[in-house]
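Heads up: the structure comes next, in structure tokens.
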Amino acid sequence: MAEVILHIYDVTNSGSDKTNNTIVHINKIFKDRIGLGGIFHSAIQVYGDDEWSFGFCEQGSGVFCCPSGKNPLYTYREFMVLGRTNSSVFKVSQILCELSREWPGTSYDLLSKNCNHFCDELCERLGVQKLP
């Protein structure tokens, strides 16, 4: 069994300090004060020090990994433990290989197939709760 950890980032890769600051401000109001959500990037960590997520790319899989809490495109916010998976490290590797084939980078869609949808799918396959 391994802990499944959700890593949450503020989406601050617009190239504009004003826009990035606005996003952080929106997230503070909506998530921190009201509790309704915001503009976030998400990734899942299970077995090891890397987190797994999904994003757009023109060729190949949109599934990628980086060191947990260190995605250079966004501003790290927080983490949440979503539960413990009964899947072995081998089974998790199989799941990630399957998802890599099923989630090409060109299929990314901001509203219907994004990093949050990917994390929900991975959590479902790991047998833990989906994103809050």
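Numbers here mean position along the shown chain, with the first residue as 1.
Glycine too: its Cβ is placed from the backbone N, Cα and C atoms.
Pulled from TrEMBL, these are the features on record:
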- 2-132: domain 'PPPDE' (DOMAIN)
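Mean per-residue pLDDT, taken over the domain 'PPPDE' (2-132), amounts to 91. According to DSSP, the secondary structure content of the domain 'PPPDE' (2-132) in residues is 47 helix, 40 strand, 44 coil.
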